[in-house]
Amino acid sequence: MTSSTKRRVSYFYNPEVGNFHFGPNHPMKPHRLSLTHNLILNYGLYKKMSVYKSREANLYDLKQFHSEDYIDFLSRVSPSTLHLWQEASLSRFNVGDDCPIFDGLYDFCKIYSGGSIEAAAKINGDLADIAVNWSGGLHHARKDEASGFCFINDIVLAILELLKYHPRVLYIDIDVHHGDAVQEAFYITDRVMTVSFHKYGDSFFPGTGEVSEIGDKKGKYYSVNVPLLDGIDDQTYTSIFKPVIQKTIEFYRPSAIVLQCGADSLACDRLGCFNLSIKGHGECVSYVKSFGLPTLVLGGGGYTVKNVARCWTYETSLLLDTDISNDLPFNDYFEYFGPDFQLHPDIVARFDNQNSKQYVDDIKMRVLENLRSLQHAPSVQMDRLPPDLSYFELQQEQEDEEEEEKIDVRIISGAKTDDREYYEDEFDNDRDT
Ligand code: V1D
Ligand code: CA
């Protein structure tokens, strides 16, 4: 498939998501999602994609990754009852300054997670080539604790959904922070390969993501880390992003991709220290798209609200192969975008580029060396699919064979078998327990 082929894009959004507040002085502002959606609408991009109001995740969904104790805690804690909880519970679940208990926290979690799971299901049903949930991408949440502004890990939940149909899922993370909890969730499996590009060093949060973290057991070589230094610019970033992703896809041959597009890797981010322009960030999204694989696109960090909205709107236009004007259309939040009112304002570098050619070449060499080891890992060779048969076709063949066998069994045993006990279809939205 060439990069110019138009894809069927499904877009998930719940208008409630922007109304939650982490509290005064907290950098995470869900309001950025309202700005993004409104800009997307006012550019007319909704006409070119299927727009869905995403449903909320339910308890059954959340339990696919998170512990019951932790979900129970999230569902019951609130600012007004916080004093009734033992300090031990609050510290056990790691809530506090980074992950504050705010009004509607559990609803917020269900809303952003529901969008990612539904988007993954849309890809599974082959009803979309690309599915987008800018409200998702919260890559730090662990099985039983909150971390780095993240409470529920919608990415892990979405990948688990994709794994029902896809043999190998590639996760790519361009947030300035390390995608630690997604890596950790799949560290010992070869069914998911994680690749994170991030700032590493100077105790930058979360402090993990060295090149030497490569996975373990069956997952050895299936975790890839690209630690970068302050001030990286577009040219330097893409000079390492493209070869690493190209070789990863060549060696791993994923049947689906999940792309976390944290916008805190942009220049001028309130928490970040990179120097990417919106075009440079978008080039990574376009590059991933150019492989023509089913792709789930998610948000993530991003703390300079107006730039988050610009970035994710621009990236929506790239996913739709639609050029949009540099002059912003009038929109409900127009005043946020002054004084330039442009999609691609001039960027002022706040950090010198510390990533010398020698540093980048060395990291690239070590990452590519690990990828070559993956090529020789036995499980990939054993799983090799015939090049002209897609996973879906292969699965269909297998299902047909199983169906024939099942009919034989039914004839022999006289048992009545309902297909729905075995396979979820794309219309199966009922997750109630
Ligand atoms: F600046 C702050 C003001 C108020 C509350 C928190 C912060 C803040 C800034 N940076 N917190 C951080 C990071 N936490 C720490 C820990 C505090 N300890 C002593 C260390 O440095 C957390 C940064 C989280 C980044 C989240 C993310 O961008 O990766 C993200 N991705 O998807 C959703 C969020
Ligand atoms: Ca990252």
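Glycine is no exception: its Cβ is also placed from the backbone N, Cα and C atoms.
Residues or ranges marked as active site, proton acceptor in TrEMBL: H140. The number of other Cβ atoms within 10 Å of the Cβ belonging to H140 (active site, proton acceptor), over all protein chains shown, comes to 28. Following the DSSP three-state reduction, the secondary structure of H140 (active site, proton acceptor) is coil.
Mapped onto three states, the DSSP output places D98 (substrate binding site) in coil. If you take the C-beta of D98 (substrate binding site) and look for same-chain residues 6 or more apart in sequence within under 8 angstroms, you find A146, S147, G148, F149. The substrate binding site annotation in TrEMBL covers D98, G148, Y303.
Counting only same-chain residues six or more apart in sequence, the Cβ atoms lying under 8 angstroms from the Cβ of D175 (divalent metal cation binding site) belong to G137, H139, S196, H198, Q260, C261, G262, D264, S265, G300, G301. TrEMBL lists D175, H177, D264 with the feature divalent metal cation binding site.
TrEMBL lists 26-317 with the feature domain 'Histone deacetylase'.
Pairwise Cα distances among D98, G148, Y303, the recorded substrate-binding residues, top out at 14 Å. Cα spacing between Y303 (substrate binding site) and H177 (divalent metal cation binding site): 12 Å, rounded to the nearest whole number. Taking all protein chains in view, 20 other C-beta atoms sit within 10 angstroms of the C-beta of G148 (substrate binding site). Proximity to ligand 2 at the level of Cβ atoms, with a cut-off under 6 angstroms, picks out D175 from the recorded positions D98, H140, G148, D175, D264, Y303.
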